[in-house]
């Protein structure tokens, strides 16, 4: 009664407020609600979510606000209707809809937490009362970051919750206080808008508002006024206007000042700068509370006194690579120096190091080390000087001191080093005095390395370092001040000892291999030629005046490629070691054990037990889990399950409830396959598990498992002479054969008894006949009494009978004749012992009178009506078992269906947490950002033809030919009589079919809504009793299969097509068994929000996308859409975050929440801003981020409960805060280019992520479908970063932020999500340009710098070589090619090459060959190839993996990877130096359209063509002047990689362009290119003269010079274009070359038998 009485706020009042906010009025209707109708419990009392007592407990706990002080300035305050949220909203001035939104948010958090904790609460605690521990635990987790921030700043948290006290209406005051603090934080967060990216800013706001809250609820007296305290921020919308908007305006002013991010990062403050302003104690003194515009924090850019950068300054320079990862470079440089010293001696290393001279020379590395510290100190000062202000003078002091100390150490080491050698030369040996000076040097070195020794000790005992870093003792600040700037993040990020050992072992082996290889095959072989060249004198030199000191320059040019490869080849070794490690981990994870349908067939009999073990909840859910005993129990059971040990996991029986649950789940999976049109109706019946009917005594396995088994048993019976026991033993050796025999026998018996009328002579005869068979088998005398060799003949007649029954028009005469023939065979021919008629009559196997014998089966056959769906479904199954001869390993036919079935079945034998019930699982949300991409393909898109006459629909019909046939079959079953109706009556279904095969929002929504469907089914199975399952199975059996129309059935005289009969496609699904409460459980646990940022504008503009989004909401009841609405008033615009849904009762879109924003949404990057505005509408403990190009599968959604349980398990020393999920790239099945990209991406998202998570412990977030610990992340800046430009790769910064703030990222491969990738070269290049530019910005970022300095040495190496280091090293590879060819050109032109040819033999130098080989294997895609081969070997088998690799090479994959390397290096380097990183929309279309030469030229001229031509010219000149070129073989060996790069960078855009070598298109392309040149006014080029003219354009544009510049620019572009187009035109002219290119480009499609040629030739007549 209390819950109903405290209805808090009437529906009419809420609806009125909503109408007012929306600008409407008049008719009032019940207020819309999101998930739980909290606004009006009376009206929605029957809502399924309200059946949970935990929900009522949460609502009741929030209802106690009557005794709180009335809010200030409140006019109509009703204390008895208000709850805690109403009171907080009125007291602090929060928006009404923010209050409503966060009320539901907290109610769901509390209710779900109490549901999960049910077993751990006291047994006498009522379920409809909130337990105090629930509220307290949520408050602690939500405010953990706030308390850490207070501790960091030395402030006492303003959170005071007494442990005991008086009780108010059954709710303890401590619980209410917990709820008030939690609600206050959620309200602040829910209305903070862009401030949510600044978690410590929110901590500052909460700090003061919590203090005000304490004063108000404690009824403190204001010392200044003498009245009761009121909050500093109060009044209508006060929080938005007085707190959020002022800080928002600071951010907006900085963004405006940055000119959309084009200004240098050092010139303006981004989100991180403003947030880190709150990391200092000075903020309490300088900013204070309430916020005042007069404070320096609010001074606009350009005005004196403005606060500048905070914490870090991003500067554009390649020196950032050294500055962030200086320890890695110090290691490489010092080893190179030491190796050079040892190698120069000429002996083996172990011999050289016995001599004191060599030992002392090696000690010179300390001089270099000290010098490198000077470099680091100077870089720190040079890049971070703008951080120095009056209040940061200590920072300036440290910068200066570090420079002086580094210089001092360098001088010290130099002096001591000189003194050692001076004493040694004076004594002419290593005397005691000389050794004493060596000892002095070593003593200095020991002092120098003390910090490294301490770091090593703390690395060995990481928990001590974590403790020291997390404590906030002043003495520790003083001790660590010298080494690093104190920051709130990056403290206590060390892993546990076991993890340390694992990734240390990985890197020790890797570095050992690298340095051994470098010494013996790179450095040592270079020493001899170097000495020889330096000793040469009598050499004829050319151009000596321009090229003096040629010997020294030659040595430098020889060494430069070696040094560059030496610096980057750890990347190669990482690819090798990570691949092997990933394979080993994958093997132990049981990946790839089931690779095909045939392998699934062998394990299927254990499949039900595997599903029961993993997907069904444990019997004792309340038992404590996670302990050693529980883990051991699970491990033993998994071994039994995987290998069939033990009775519970050997097989399932037909009468077990487990088998029936398994059948319901399996059939629902098959049903979704059919709905997706990846299998046909016939395949459904072959794959589904039919229910136990017709009194069949065995498990009715899917037909595809029983193929040929009955025929093999018959063959055995005919050929083997043995007794019953021997026959039955051989049959039972194969479970499927046993079941096929028993099912066929039982089915035939039931079929005959079904079609023969009861209580007839014939019915009695058949019954007695089977009883005789049963008795013979029971006593083991069947083979003695019957002729087994006659079974094949009986079998053939049974087939004839079944086929007659399957005909639509039954031929009674033939049926009777067949039955009579079977009777004669069974009674007279089959028994070995002949019986006379009298005996047969006595045994009731013959009619009582002779006259009746000739009339047997006449007038007693009554076949069931054709409408008896269930009967004929069983008959068709019997027919399949009787007749299947060929292998069914190709069932299902569709490769995607096969892949999904095998992966799902394999995953159930992998290690995963046990699933809880749906009620006890963690609640979660899915969030998808959407802007203006395709929602569904419309009529125009489907029918519009490109220049080749190919439409999207035509393309899809040919690429997905099986799917299209299945779709038409489904449409005919649903009533379509003519295929032309597809554009009228079935148009919406057609749009969906096509959209589900593109990268559209519709596909993503369908996939994500599988979670909702899966949870409803699992909720039913959780609560269903044995009776429910059994009766439900029978109920579904009465509906039959979905396959009944347009099927061809065999007849004696041929084939006949059954006329159509429409059935409801959903009648046979498990949803028919639901009790009505499943929706409530699913809604409580799952929320899907699509952030359609501009949906409001699309509705106003009548955009088709808006209508399609509404269609998706109609189709998916649980779908919610969040968008930003703009309301224009007099002279200004207001912005709102709005959440809408489709109301199934009102049949229209309704608005749920409307929360006003402080201003325009987009201050930073678009995608994270879009995610941020919508995240307040998500619910639950976790949130999964899903992009617009992703998909999901029903069978994978079943395992989401298991995945979320990972949050309860330790992964290393911490529980995870981010769960990594495996991806399947679904766009690699047509073109070779898409295959290359798919292979590259697949190896990265599987093997690559696997190794990063374990053992390296550096997995981040890469835009994958990862699952975030929602409460952890929402209090720490959200699920991405949004600062303009610097955070262009917004997703990985979430991983950086997680690691730096002490989170833990794991990776799990027993569940997968689909992902689409770009499939055309231009799309791929734009994507790689975006990623490379993003990595360039990461190189400049504070996050990467802090990871490089705060992580231990080996994790730092892992971060470097798996993020920015990969792109930097790719650029070094390209630079190696340049240094090599320029060096060879110098040697040839200077004459030095000819002079040293005979003596130095530099061309045969092993080191140079090694370098060239390393550079080449990197160039052709080794980074991708090796991980791909290893991963494919693991999951598909070694031989298929090798064949795939060979096929890829034949399809010119190396050409693609070399071209891709150029893209990465160009955009990475350009971004670091010049900026320009931006989001590049790739379109993600279909690779059928020919790209014009002009388009390719504009895209690749600066990044590839110019550089390739430059290298080609150098190589040509070198060939003309080099003496080596006379030896063709030597020249080819030395320059093949360089020429391959030139060819790749010029020809790849045309080789991977559809119809790229078509002569007619080439002619048209040239005309188009010349037209574009004539329209060209001016474009940036790489030519120096034109570049200079572009810079001074404002000064010369009005002069006659400008026209000359334009003419020169045009001439330059024409010459360059003609140079590039010439080889294309030549190849296009050659006969047959275009056909070869088509075969190579679309080899994947050809190998699948797709009609690629028809697509490319554009047969318009075939366009639908």
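Just so you know, glycine gets a Cβ as well, placed from its N, Cα and C.
Just so you know, TrEMBL annotations never went through curation; they're auto-generated.
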Of 1509-1529, 1572-1592, the range TrEMBL tags as transmembrane segment is 1572-1592
The residue range that TrEMBL labels transmembrane segment, out of 283-308, 439-464, 465-490, 569-594, is 439-464
Taken over the domain '1,3-beta-glucan synthase component FKS1-like' (176-292), the predicted model's pLDDT averages 92
Best-packed against the transmembrane segment (358-379), counting Cβ pairs under 8 Å over 328-346, 399-418, 550-567, 1359-1381, 1530-1552, is stretch 399-418
Taking the transmembrane segment (1359-1381) as reference, the highest number of CB pairs under 8 angstroms among 328-346, 503-521, 550-567, 1530-1552 goes to 550-567
Comparing 328-346, 503-521, 1530-1552 for Cβ pairs under 8 Å with the transmembrane segment (550-567), the winner is 328-346
Per the Cβ under 8 Å criterion, with at least 6 residues separating them from its ends, the transmembrane segment (503-521) contacts 335-336, 339, 342-343, 349, 495, 566, 569-570, 573-574, 577, 581, 1255-1257, 1354-1355, 1357-1358, 1406-1407, 1410
Residues in the domain '1,3-beta-glucan synthase component FKS1-like' (176-292) per DSSP class, helix first, strand next, coil last, are 77 helix, 2 strand, 38 coil
